[in-house]
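Worksheet for the structure shown next.
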Amino acid sequence: MMTPAATALGIHLRVLVEDSSSSAAQVVVDAPVGSASDEEAILALVEGADVLTFEHEHVPNALLDRLVAAGVAVRPDAAALVHAQDKIVMRSHLDAIGVPIPRWRPLTAREELDDFLAQVGGAAVVKTARGGYDGKGVRVVRASHEVADWLDAMASGAGVPLLVEEKVPFTRELAVLVARRPSGEVRTWPVVESVQQDGVCAEVVAPAPDLHAGTQAEALEVATRIAEGLGVTGVLAVEMFEVPAPDGGDPRVLVNELAMRPHNSGHWTLDGAVTSQFEQHLRAVLDLPLGDTSPLATWTVMANVLGSSLPDPTDALAEVVGRDPQAKVHLYGKQVRPGRKLGHVNVSGTDLADVRARARAAAALLRGERNG
Ligand code: ADP
(Lines of atoms letter the chains of each structure in order from A and count residues from 1; the text may use other names and numbers.)
(Lines give C-alpha, C1' and ligand atoms only; values in the text may rest on other atoms or scores of the structure.)
Protein backbone atom coordinates (compact mmCIF):
# COMPACT_ATOMS: atom_id res chain seq x y z
CA MET A 1 0.00 0.00 0.00
CA MET A 2 3.07 2.20 0.12
CA THR A 3 3.72 1.65 -3.59
CA PRO A 4 1.26 4.16 -5.12
CA ALA A 5 2.55 6.90 -2.80
CA ALA A 6 6.18 6.04 -3.61
CA THR A 7 5.43 6.03 -7.34
CA ALA A 8 3.75 9.44 -7.13
CA LEU A 9 6.66 10.92 -5.19
CA GLY A 10 9.26 9.38 -7.51
CA ILE A 11 10.68 7.23 -4.70
CA HIS A 12 12.17 3.87 -5.68
CA LEU A 13 11.08 1.10 -3.29
CA ARG A 14 13.02 -2.11 -2.86
CA VAL A 15 11.32 -4.61 -0.57
CA LEU A 16 12.61 -7.81 0.98
CA VAL A 17 9.89 -10.44 0.62
CA GLU A 18 9.76 -13.86 2.23
CA ASP A 19 8.06 -15.34 -0.81
CA SER A 20 7.97 -14.27 -4.45
CA SER A 21 4.16 -14.56 -4.44
CA SER A 22 3.67 -12.32 -1.36
CA SER A 23 1.45 -9.23 -1.53
CA ALA A 24 4.38 -6.81 -1.72
CA ALA A 25 6.13 -8.80 -4.48
CA GLN A 26 2.99 -8.53 -6.61
CA VAL A 27 3.28 -4.73 -6.75
CA VAL A 28 6.93 -3.83 -6.14
CA VAL A 29 9.21 -4.48 -9.10
CA ASP A 30 12.42 -4.57 -7.08
CA ALA A 31 11.55 -7.35 -4.60
CA PRO A 32 14.41 -9.70 -3.68
CA VAL A 33 13.39 -12.83 -1.76
CA GLY A 34 14.92 -13.39 1.66
CA SER A 35 14.26 -13.57 5.36
CA ALA A 36 14.22 -10.48 7.58
CA SER A 37 16.72 -12.28 9.85
CA ASP A 38 19.16 -13.05 7.01
CA GLU A 39 22.10 -10.67 7.37
CA GLU A 40 23.34 -11.17 3.82
CA ALA A 41 19.90 -10.50 2.37
CA ILE A 42 19.55 -7.28 4.39
CA LEU A 43 23.02 -6.06 3.42
CA ALA A 44 22.16 -6.57 -0.25
CA LEU A 45 18.80 -4.87 0.32
CA VAL A 46 20.27 -1.64 1.72
CA GLU A 47 22.96 -1.37 -0.97
CA GLY A 48 22.62 2.11 -2.47
CA ALA A 49 19.45 2.93 -0.48
CA ASP A 50 18.85 6.22 1.35
CA VAL A 51 16.90 4.65 4.16
CA LEU A 52 15.77 1.28 5.57
CA THR A 53 12.31 0.97 7.06
CA PHE A 54 9.86 -1.79 8.01
CA GLU A 55 6.37 -3.11 7.50
CA HIS A 56 6.58 -5.46 10.50
CA GLU A 57 8.56 -5.53 13.73
CA HIS A 58 10.13 -8.97 13.46
CA VAL A 59 13.64 -7.86 12.59
CA PRO A 60 16.91 -8.59 14.41
CA ASN A 61 17.95 -5.54 16.41
CA ALA A 62 21.65 -6.42 16.70
CA LEU A 63 21.88 -6.38 12.91
CA LEU A 64 20.07 -3.03 12.77
CA ASP A 65 22.59 -1.60 15.24
CA ARG A 66 25.44 -2.83 13.05
CA LEU A 67 23.83 -1.20 10.01
CA VAL A 68 23.51 2.11 11.87
CA ALA A 69 27.17 1.86 12.89
CA ALA A 70 28.01 1.31 9.21
CA GLY A 71 26.20 4.54 8.30
CA VAL A 72 22.81 3.18 7.11
CA ALA A 73 19.79 5.34 8.00
CA VAL A 74 17.52 2.86 9.83
CA ARG A 75 14.12 4.38 10.61
CA PRO A 76 12.82 3.71 13.13
CA ASP A 77 16.08 2.55 14.66
CA ALA A 78 16.49 -0.48 16.93
CA ALA A 79 16.37 1.62 20.10
CA ALA A 80 12.86 2.84 19.18
CA LEU A 81 11.67 -0.36 17.50
CA VAL A 82 12.28 -2.50 20.58
CA HIS A 83 9.25 -0.83 22.20
CA ALA A 84 7.02 -2.29 19.51
CA GLN A 85 8.71 -5.70 19.81
CA ASP A 86 8.75 -6.21 23.55
CA LYS A 87 5.71 -5.40 25.68
CA ILE A 88 7.77 -5.40 28.90
CA VAL A 89 10.35 -2.91 27.59
CA MET A 90 7.50 -0.80 26.24
CA ARG A 91 5.54 -0.75 29.51
CA SER A 92 8.64 0.05 31.58
CA HIS A 93 9.48 3.01 29.35
CA LEU A 94 5.90 4.30 29.19
CA ASP A 95 5.78 4.21 33.00
CA ALA A 96 9.05 6.17 33.06
CA ILE A 97 7.73 8.94 30.79
CA GLY A 98 4.41 9.13 32.66
CA VAL A 99 2.13 7.65 29.99
CA PRO A 100 -1.02 6.10 31.51
CA ILE A 101 -1.11 2.30 31.05
CA PRO A 102 -2.97 -0.54 32.79
CA ARG A 103 -1.49 -1.73 36.12
CA TRP A 104 1.04 -4.46 35.23
CA ARG A 105 4.06 -6.47 36.31
CA PRO A 106 6.51 -8.85 34.65
CA LEU A 107 5.85 -12.51 35.45
CA THR A 108 8.62 -14.89 36.35
CA ALA A 109 6.81 -17.31 38.67
CA ARG A 110 3.34 -18.65 39.32
CA GLU A 111 3.20 -17.09 42.83
CA GLU A 112 3.56 -13.63 41.29
CA LEU A 113 0.47 -14.27 39.19
CA ASP A 114 -1.44 -15.55 42.23
CA ASP A 115 -0.47 -12.37 44.12
CA PHE A 116 -1.50 -10.13 41.22
CA LEU A 117 -4.86 -11.90 40.83
CA ALA A 118 -5.49 -11.44 44.55
CA GLN A 119 -4.65 -7.72 44.25
CA VAL A 120 -6.91 -7.04 41.27
CA GLY A 121 -9.61 -9.28 42.72
CA GLY A 122 -10.74 -11.35 39.75
CA ALA A 123 -9.59 -11.49 36.17
CA ALA A 124 -6.28 -10.37 34.74
CA VAL A 125 -4.67 -10.53 31.32
CA VAL A 126 -1.46 -12.49 30.76
CA LYS A 127 0.56 -11.64 27.67
CA THR A 128 3.67 -12.95 26.01
CA ALA A 129 6.13 -10.07 25.85
CA ARG A 130 7.27 -10.86 22.32
CA GLY A 131 5.90 -12.29 19.10
CA GLY A 132 2.15 -11.78 19.69
CA TYR A 133 -0.22 -10.24 17.17
CA ASP A 134 -3.97 -10.16 16.56
CA GLY A 135 -4.62 -11.37 20.11
CA LYS A 136 -2.31 -14.39 19.86
CA GLY A 137 -0.25 -14.35 23.02
CA VAL A 138 -3.05 -12.75 25.08
CA ARG A 139 -5.04 -14.77 27.64
CA VAL A 140 -7.64 -13.60 30.16
CA VAL A 141 -7.15 -15.61 33.36
CA ARG A 142 -8.82 -15.98 36.74
CA ALA A 143 -6.39 -18.56 38.10
CA SER A 144 -2.71 -19.17 37.47
CA HIS A 145 -3.20 -22.75 36.21
CA GLU A 146 -4.81 -21.27 33.09
CA VAL A 147 -1.37 -20.25 31.86
CA ALA A 148 0.53 -23.22 33.32
CA ASP A 149 1.80 -24.10 29.83
CA TRP A 150 3.30 -20.62 29.28
CA LEU A 151 4.80 -20.50 32.80
CA ASP A 152 6.32 -23.97 32.39
CA ALA A 153 7.76 -23.09 28.99
CA MET A 154 9.27 -19.91 30.40
CA ALA A 155 10.72 -21.74 33.42
CA SER A 156 12.32 -24.33 31.14
CA GLY A 157 13.88 -21.56 29.06
CA ALA A 158 11.89 -22.53 25.96
CA GLY A 159 9.17 -19.90 26.26
CA VAL A 160 9.10 -16.13 26.01
CA PRO A 161 8.94 -13.66 28.92
CA LEU A 162 5.46 -12.97 30.25
CA LEU A 163 3.66 -10.06 31.87
CA VAL A 164 0.33 -9.72 33.61
CA GLU A 165 -1.91 -6.67 33.71
CA GLU A 166 -5.28 -5.71 35.06
CA LYS A 167 -8.29 -6.53 32.88
CA VAL A 168 -9.38 -3.04 31.94
CA PRO A 169 -13.12 -2.26 32.07
CA PHE A 170 -12.88 -0.22 28.89
CA THR A 171 -15.86 1.34 27.14
CA ARG A 172 -14.20 1.11 23.72
CA GLU A 173 -10.83 0.95 21.99
CA LEU A 174 -9.28 4.03 20.44
CA ALA A 175 -6.18 4.51 18.32
CA VAL A 176 -4.01 7.47 17.46
CA LEU A 177 -1.77 7.52 14.46
CA VAL A 178 1.15 9.90 14.62
CA ALA A 179 4.09 10.55 12.31
CA ARG A 180 7.45 11.97 13.34
CA ARG A 181 10.44 12.80 11.18
CA PRO A 182 14.07 12.75 12.38
CA SER A 183 14.31 16.53 12.48
CA GLY A 184 11.43 16.56 14.96
CA GLU A 185 8.22 17.52 13.12
CA VAL A 186 5.21 15.57 14.46
CA ARG A 187 1.69 15.29 13.05
CA THR A 188 -1.29 13.35 14.32
CA TRP A 189 -4.44 12.22 12.51
CA PRO A 190 -7.80 12.44 14.29
CA VAL A 191 -8.41 9.90 17.09
CA VAL A 192 -10.27 6.84 15.73
CA GLU A 193 -12.38 4.10 17.31
CA SER A 194 -11.33 0.55 16.50
CA VAL A 195 -13.80 -2.27 16.87
CA GLN A 196 -12.23 -5.65 17.65
CA GLN A 197 -13.73 -9.09 17.11
CA ASP A 198 -11.96 -12.05 18.73
CA GLY A 199 -8.81 -9.96 19.25
CA VAL A 200 -8.73 -8.83 15.60
CA CYS A 201 -9.59 -5.35 14.31
CA ALA A 202 -12.82 -5.62 12.30
CA GLU A 203 -13.71 -1.96 11.78
CA VAL A 204 -12.34 1.54 12.31
CA VAL A 205 -14.45 4.69 12.58
CA ALA A 206 -12.73 8.00 11.88
CA PRO A 207 -13.00 10.18 13.81
CA ALA A 208 -14.09 8.35 16.98
CA PRO A 209 -17.78 9.23 17.49
CA ASP A 210 -18.86 11.23 20.56
CA LEU A 211 -15.31 11.71 21.76
CA HIS A 212 -15.11 14.10 24.70
CA ALA A 213 -12.78 17.08 24.20
CA GLY A 214 -10.68 16.13 27.23
CA THR A 215 -10.30 12.52 26.05
CA GLN A 216 -9.29 13.67 22.58
CA ALA A 217 -6.71 16.07 23.98
CA GLU A 218 -5.27 13.39 26.26
CA ALA A 219 -5.12 10.78 23.48
CA LEU A 220 -3.31 13.13 21.09
CA GLU A 221 -0.94 14.37 23.79
CA VAL A 222 -0.08 10.83 24.89
CA ALA A 223 0.64 9.69 21.32
CA THR A 224 2.86 12.70 20.69
CA ARG A 225 4.68 12.14 23.99
CA ILE A 226 5.36 8.53 23.01
CA ALA A 227 6.61 9.42 19.52
CA GLU A 228 8.96 12.02 20.96
CA GLY A 229 9.90 10.14 24.15
CA LEU A 230 10.81 6.95 22.30
CA GLY A 231 12.50 8.74 19.40
CA VAL A 232 10.18 7.19 16.81
CA THR A 233 10.70 8.05 13.15
CA GLY A 234 7.99 7.19 10.64
CA VAL A 235 4.42 6.32 11.49
CA LEU A 236 3.49 5.13 14.98
CA ALA A 237 0.10 3.65 15.89
CA VAL A 238 -0.87 3.92 19.55
CA GLU A 239 -3.72 1.60 20.57
CA MET A 240 -5.61 2.71 23.67
CA PHE A 241 -8.48 1.77 25.94
CA GLU A 242 -11.06 4.45 26.77
CA VAL A 243 -12.04 4.16 30.44
CA PRO A 244 -14.54 6.11 32.56
CA ALA A 245 -12.90 8.81 34.69
CA PRO A 246 -13.03 8.03 38.43
CA ASP A 247 -14.25 11.58 39.16
CA GLY A 248 -17.02 11.49 36.54
CA GLY A 249 -15.14 13.86 34.20
CA ASP A 250 -14.17 13.19 30.57
CA PRO A 251 -13.16 9.55 29.96
CA ARG A 252 -9.44 8.81 30.21
CA VAL A 253 -7.16 6.67 28.07
CA LEU A 254 -4.78 3.83 28.93
CA VAL A 255 -2.22 2.81 26.31
CA ASN A 256 -2.29 -0.86 25.32
CA GLU A 257 -0.06 -1.41 22.32
CA LEU A 258 2.32 0.30 19.88
CA ALA A 259 3.12 -0.39 16.23
CA MET A 260 5.95 1.48 14.52
CA ARG A 261 4.77 1.30 10.94
CA PRO A 262 1.63 2.02 8.96
CA HIS A 263 -1.10 0.12 10.78
CA ASN A 264 -4.58 -1.28 10.23
CA SER A 265 -6.05 1.49 12.41
CA GLY A 266 -4.79 3.96 9.78
CA HIS A 267 -6.01 2.28 6.59
CA TRP A 268 -8.92 4.74 6.53
CA THR A 269 -6.42 7.50 5.66
CA LEU A 270 -5.93 5.99 2.17
CA ASP A 271 -9.25 7.53 1.13
CA GLY A 272 -10.31 9.60 4.14
CA ALA A 273 -7.41 11.98 4.81
CA VAL A 274 -5.42 14.52 2.81
CA THR A 275 -2.25 12.49 3.43
CA SER A 276 -2.38 8.71 3.83
CA GLN A 277 -0.33 6.95 6.47
CA PHE A 278 1.67 5.27 3.70
CA GLU A 279 2.70 8.51 2.02
CA GLN A 280 3.39 10.02 5.44
CA HIS A 281 5.60 7.13 6.48
CA LEU A 282 7.73 7.62 3.37
CA ARG A 283 7.93 11.37 3.94
CA ALA A 284 8.80 10.87 7.61
CA VAL A 285 11.55 8.28 7.16
CA LEU A 286 13.07 10.35 4.35
CA ASP A 287 12.91 13.44 6.61
CA LEU A 288 10.68 15.31 4.16
CA PRO A 289 8.12 17.84 5.45
CA LEU A 290 5.01 15.97 6.64
CA GLY A 291 1.66 16.18 4.86
CA ASP A 292 -1.67 17.55 6.06
CA THR A 293 -3.52 14.96 8.17
CA SER A 294 -6.97 16.57 7.94
CA PRO A 295 -9.92 14.28 7.20
CA LEU A 296 -11.55 14.64 3.77
CA ALA A 297 -15.05 13.76 5.00
CA THR A 298 -17.16 14.03 8.14
CA TRP A 299 -16.89 10.24 8.61
CA THR A 300 -14.82 7.47 7.12
CA VAL A 301 -15.44 3.86 8.10
CA MET A 302 -12.91 1.15 7.28
CA ALA A 303 -14.21 -2.44 7.33
CA ASN A 304 -11.72 -5.31 7.15
CA VAL A 305 -12.34 -8.30 4.90
CA LEU A 306 -11.51 -11.13 7.33
CA GLY A 307 -11.54 -14.44 5.46
CA SER A 308 -13.88 -15.29 2.60
CA SER A 309 -16.01 -18.18 1.46
CA LEU A 310 -15.15 -17.21 -2.14
CA PRO A 311 -12.11 -18.72 -3.87
CA ASP A 312 -10.95 -15.14 -4.35
CA PRO A 313 -12.60 -11.95 -3.00
CA THR A 314 -12.24 -10.33 -6.46
CA ASP A 315 -15.09 -12.65 -7.51
CA ALA A 316 -17.39 -10.21 -5.69
CA LEU A 317 -15.76 -7.06 -7.01
CA ALA A 318 -18.24 -6.29 -9.78
CA GLU A 319 -21.14 -6.56 -7.39
CA VAL A 320 -19.49 -4.51 -4.64
CA VAL A 321 -18.47 -1.57 -6.79
CA GLY A 322 -21.68 -1.83 -8.83
CA ARG A 323 -23.84 -1.56 -5.73
CA ASP A 324 -21.86 1.25 -4.13
CA PRO A 325 -19.87 3.41 -6.56
CA GLN A 326 -18.37 5.36 -3.64
CA ALA A 327 -16.96 2.32 -1.80
CA LYS A 328 -13.17 2.15 -2.02
CA VAL A 329 -11.97 -1.45 -2.17
CA HIS A 330 -8.40 -2.41 -1.24
CA LEU A 331 -7.48 -6.08 -1.74
CA TYR A 332 -4.09 -7.47 -0.82
CA GLY A 333 -3.67 -10.32 -3.32
CA LYS A 334 -3.50 -12.91 -0.53
CA GLN A 335 -4.60 -16.53 -0.63
CA VAL A 336 -7.90 -17.01 1.21
CA ARG A 337 -7.60 -18.52 4.68
CA PRO A 338 -10.18 -18.47 7.49
CA GLY A 339 -10.08 -15.14 9.32
CA ARG A 340 -7.13 -13.81 7.31
CA LYS A 341 -7.04 -10.08 6.55
CA LEU A 342 -7.57 -10.16 2.78
CA GLY A 343 -8.33 -6.49 2.27
CA HIS A 344 -10.48 -3.64 3.48
CA VAL A 345 -13.14 -1.23 2.28
CA ASN A 346 -13.33 2.49 3.01
CA VAL A 347 -16.57 4.44 2.77
CA SER A 348 -16.84 8.17 3.54
CA GLY A 349 -19.82 10.47 3.98
CA THR A 350 -21.83 12.67 6.30
CA ASP A 351 -24.21 10.13 7.88
CA LEU A 352 -22.32 7.74 10.14
CA ALA A 353 -25.02 5.04 10.25
CA ASP A 354 -25.18 4.98 6.45
CA VAL A 355 -21.40 5.04 5.99
CA ARG A 356 -20.94 2.21 8.49
CA ALA A 357 -23.68 0.08 6.95
CA ARG A 358 -22.23 0.50 3.45
CA ALA A 359 -18.67 -0.33 4.55
CA ARG A 360 -19.94 -3.45 6.33
CA ALA A 361 -22.09 -4.50 3.37
CA ALA A 362 -19.19 -4.19 0.94
CA ALA A 363 -16.82 -6.14 3.22
CA ALA A 364 -19.49 -8.81 3.73
CA LEU A 365 -19.88 -9.30 -0.03
CA LEU A 366 -16.12 -9.67 -0.41
CA ARG A 367 -16.25 -12.30 2.35
CA GLY A 368 -18.76 -14.15 0.23
CA GLU A 369 -21.82 -13.34 2.34
CA ARG A 370 -24.70 -12.94 -0.07
CA ASN A 371 -27.00 -10.86 2.14
CA GLY A 372 -24.32 -8.45 3.34
P1 ADP B 1 -1.88 -8.15 20.21
O2 ADP B 1 -0.57 -7.48 20.42
O3 ADP B 1 -1.79 -9.62 19.99
O4 ADP B 1 -2.79 -7.47 19.23
P5 ADP B 1 -3.20 -6.82 22.41
O6 ADP B 1 -2.37 -6.57 23.60
O7 ADP B 1 -3.44 -5.68 21.49
O8 ADP B 1 -2.61 -8.07 21.61
O9 ADP B 1 -4.60 -7.42 22.87
C10 ADP B 1 -5.59 -7.87 21.94
C11 ADP B 1 -6.98 -7.48 22.44
O12 ADP B 1 -7.23 -8.08 23.72
C13 ADP B 1 -7.13 -5.98 22.67
O14 ADP B 1 -7.46 -5.32 21.48
C15 ADP B 1 -8.25 -5.95 23.71
O16 ADP B 1 -9.51 -6.12 23.08
C17 ADP B 1 -7.95 -7.17 24.56
N18 ADP B 1 -7.10 -6.79 25.72
C19 ADP B 1 -5.76 -6.72 25.73
N20 ADP B 1 -5.29 -6.30 26.92
C21 ADP B 1 -6.37 -6.10 27.71
C22 ADP B 1 -6.55 -5.64 29.06
N23 ADP B 1 -5.53 -5.35 29.85
N24 ADP B 1 -7.82 -5.55 29.52
C25 ADP B 1 -8.90 -5.87 28.74
N26 ADP B 1 -8.77 -6.29 27.46
C27 ADP B 1 -7.54 -6.42 26.94
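Quick reminder: no glycine exception, Cβ is built from N, Cα and C everywhere.
For Lys87, Lys127, Glu165, Glu166, Lys167, Val168, Glu173, Asn256, Glu257, the entry in TrEMBL reads ATP binding site. Sequence annotations record features per position, and here TrEMBL assigns domain 'ATP-grasp' to 91-286.
Taking the binding-site residues Lys87, Lys167 in turn and counting surrounding C-beta atoms within 10 angstroms, the largest count is reached at Lys87.
Screening the binding-site residues Lys87, Glu165, Lys167, Glu257 for a C-beta under 6 A from any atom of ligand 1 leaves Glu165, Lys167, Glu257. The average per-residue pLDDT of the prediction over the domain 'ATP-grasp' (91-286) is 95, rounded to a whole number. Under DSSP, Lys87 (ATP binding site) is assigned to a helix (H, G or I) in the three-state scheme.
In sequence order, Arg91, Ile101, Pro102, Arg103, Trp104, Arg105, Ala124, Val125, Lys127 make up the list of same-chain residues 6 or more apart from Glu165 (ATP binding site) whose Cβ falls under 8 Å from its Cβ. Each of the binding-site residues Glu173, Glu257 was scored by the number of other CB atoms within 10 Å of its CB, and the largest score is that of Glu173.
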